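The region 'Disordered' annotation in TrEMBL covers 1-35. Per TrEMBL, domain 'TRAM' is recorded for 35-93. According to TrEMBL, the feature S-adenosyl-L-methionine binding site maps to Q317, Y346, E367, D415. As annotated by TrEMBL, active site applies to C442. Residues or ranges marked as active site, nucleophile by TrEMBL: C442.
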Amino acid sequence: MNNRNGKPFNTAKKPYPGKNTSAGRPVHAAGSGEDVKSGDRIIVTIKRIGINGEGVGYYKKKAVFVDGALPGEVVKAHVLKTETSYMTAKLIEIEKRSPDRQKPPCSLFEECGGCQLQHMTYPAQLRAKEELVREAFQRYARITELPLRPIIGMENPWGYRNKAQLQAGWQREQFVTGLYASGSRRLVDISGCPIQHPALNEVTNKVKAILTELNIMPYQERTRKGTVRTIVTRVGKQSGQVQLTLITATPWLPSQSKLIERIRKQLPMVATIAHNVNDTDTPLVFGDETRILWGDERLDEQLGELRFSLSPRAFFQLNPEQTVKLYDAVREAAALSGKELVVDAYCGTGTIGLWLAPQAREVRGIELIPEAVEDARRNARLSGANNAEFIVGHAEKLLPEWVNRGVRPDVIVVDPPRTGCDRALLGAIAAARPARLVYVSCNPSTLAKDCQVLLQSGFRLEWIQPVDMFPQTSHVECCTLLVREDN
Ligand code: SAH
C-alpha cells in the first residue's frame with residue numbers, strides 16, 4: 001500500500017518485503033555524499049508532481065520518485081530501486097506535511113489505480129498540472145518563458161465520466177464488477193466510483209443484482225465457466241439516458257426476456273440493452289458481434305451545437321463538459337473567417353473538424369480507423385456539415401501527398417495519440433506552411449518535443465491552454481497555438 005493519505009507507516013512492526021529490508025540501515029540526509037542503495041532510507045524534499053502523479057524530489061542531484069508524496073513535503077522514504085539517472089522510493093513518513101494534502105474521498109483510491117491525485121485538493125491538482133506542462137517544455141524544448149494560460153478546471157470535479165466499462169467477477173460468493181489492480185489480474189470491486197456519472201453506478205449495481213437473482217453468473221477465466229465478462233454503461237449528458245451493453249463469453253444470454261423485463265422495470269433511465277459476444281482470449285473488451293436486445297439502436301448525444309448518435313461501440317469523449325471547453329480553445333486558436341481550408345489530422349470521429357466546419361470553407365479529416373471515419377461521416381450528416389470530408393489513412397502519408405499536389409491548408413489541427421506526431425507529418429506541416437497550427441495533446445512531453453521541431457521549422461508558439469479533462473488523475477490535455485513566423 002502506498003501511503004497517500006499521510007498516515008505514517010508503522011516501520012517497527014512491519015518490515016518491508018524484498019531482500020533488502022531497511023532495518024539497521026542509516027538514514028541519509030540530502031547531500032550526505034554516500035552512495036545510495038536499494039533498501040536505504042533517505043530524506044527527500046518533494047519539488048513537484050511527476051507524470052504518473054508521484055512526488056518528485058532530488059537526492060544528490062538524482063531524481064527520486066516517491067509515490068504518494070506531495071510538492072513541498074519533506075518525507076522519509078525507503079529506496080526501492082536505483083538507476084543511473086533516477087531512483088524510486090517508498091514513502092515511510094511525512095516529516096513536513098503539505099497544506100494541499102487531503103484524505104482521498106474514495107476509499108478505493110490506493111487499491112484501484114484509476115485516479116492518482118485524490119490525496120491532493122483540487123486547486124493543488126490544477127496547479128500541479130500546469131507545472132507538468134511547464135516542466136515538459138523546460139526539459140524537452142528548453143523553453144523557460146512559456147506562454148501558458150491558466151488551466152481550465154471543473155466546477156465540480158466529480159461524477160464527470162460518461163462511460164463505465166467494468167469487468168465482472170465472483171468474490172466472497174458475490175457478483176462483483178470492477179477494474180483490475182494495476183499490473184495484475186486481481187479484480188478490485190468498484191461499486192460506487194465517484195468520478196463516474198451517478199447513473200452509471202446505479203445501473204451497474206442494479207444490473208448486478210438482477211443478474212444474481214436470475215443466476216446469470218460472471219465468466220471466470222480460470223474455470224472458463226459463467227457468462228458475463230463485462231458490463232458497459234454510457235450516459236447521455238443531455239438526456240440522462242443510459243446505454244447498457246452486456247458482454248458475454250457465451251454466444252447466448254440466459255433468461256433473456258426476464259432480464260430485459262426486470263431491467264426495464266427497475267431502471268427506467270436505460271434506453272438500450274445490447275449484447276456483445278466476446279469468446280476470444282484476447283485482451284480486447286468487445287467482440288465483433290453486437291445485438292440490440294431491447295430499445296434504441298443508438299444513444300443521442302450533443303456537444304454544443306453538434307449532434308451525435310452513438311452505437312454501443314462508438315468512441316465518444318469521456319468528459320463532455322470539458323470537451324466543449326477544449327474545442328472552444330481550438331476554435332479560438334483556429335480564428336476562422338469562413339475562407340479557410342482546415343485539415344483535422346488524427347480526427348477520430350470528426351468532432352474537432354465538425355466543431356470548426358461552420359466557420360470554415362472546407363474541412364478535411366484524416367483518421368486511421370475506418371469505423372471512426374464512418375462515424376465521422378454520419379456525425380457530419382447529423383450536424384448538417386456538408387463542407388466536411390473524412391478520409392481513412394495515415395496522417396503522415398496523406399498530408400505529404402496533398403502538399404505535393406499543391407494543397408495548401410490555412411489551418412492544420414493535430415490531435416495525436418500519446419506518442420505524438422510522426423516526424424513525416426511534422427515535415428509535411430512545415431512544407432504546407434499553414435498560417436495556424438493547432439496542436440491538441442494529451443501528453444505534455446511529446447507535445448513539447450514536437451513543438452521544438454516545429455519552432456525550428458518556422459513556427460512561433462503563441463499560447464498553450466491546458467484543460468483538465470480528467471480531474472483526480474494526473475492526465476492533462478493542452479490546446480496549443482503555433483503561428484508561422486512570417487505571418
Ligand atoms: N480528434 C479526435 C480524437 C483524437 S484521438 C477527438 O477529439 O475526438 C487520436 C486518433 O488518432 C485516434 O482516433 C487514432 O485512431 C488516430 N490515429 C492514430 N495514428 C494515426 C495516424 N498515423 N494517422 C491518422 N490517425 C491516426
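For all residues, glycine too, the Cβ spot is worked out from N, Cα and C.
Automated prediction, rather than curation, is the source of TrEMBL annotations.
Between the alpha carbons (Cα) of C442 (active site) and E367 (S-adenosyl-L-methionine binding site) lies a span of roughly 17 Å. Classification of E367 (S-adenosyl-L-methionine binding site) by DSSP places it within a strand.
All protein chains included, E367 (S-adenosyl-L-methionine binding site) registers 25 other Cβ atoms within 10 Å of its own Cβ. In sequence order, L303, T323, T351 make up the list of same-chain residues 6 or more apart from Q317 (S-adenosyl-L-methionine binding site) whose Cβ falls under 8 Å from its Cβ.
When pLDDT values are averaged over the domain 'TRAM' (35-93), the model yields 95.
Residues Q317, Y346, E367, D415 make up the record's S-adenosyl-L-methionine site, and a Cβ search at 8 Å around their centroid adds D344, C347, G348, T349, T351, I352, V440 from the same chain. Remark: secondary structure over the domain 'TRAM' (35-93) totals 0 helix, 37 strand, 22 coil, with classes taken from DSSP.
For D415 (S-adenosyl-L-methionine binding site), other Cβ atoms within 10 Å of its Cβ number 23.
Here Y346 (S-adenosyl-L-methionine binding site) comes close to I366, E367, L368, A395, V414, D415, P416, P417: these same-chain residues lie at least six apart in sequence, with C-beta atoms under 8 angstroms from its C-beta. Other Cβ atoms within 10 Å of the Cβ of the residue listed as 'active site', summed over all protein chains shown, number 16. Largest Cα to Cα distance within the recorded S-adenosyl-L-methionine binders Q317, Y346, E367, D415: about 16 Å as a whole number.
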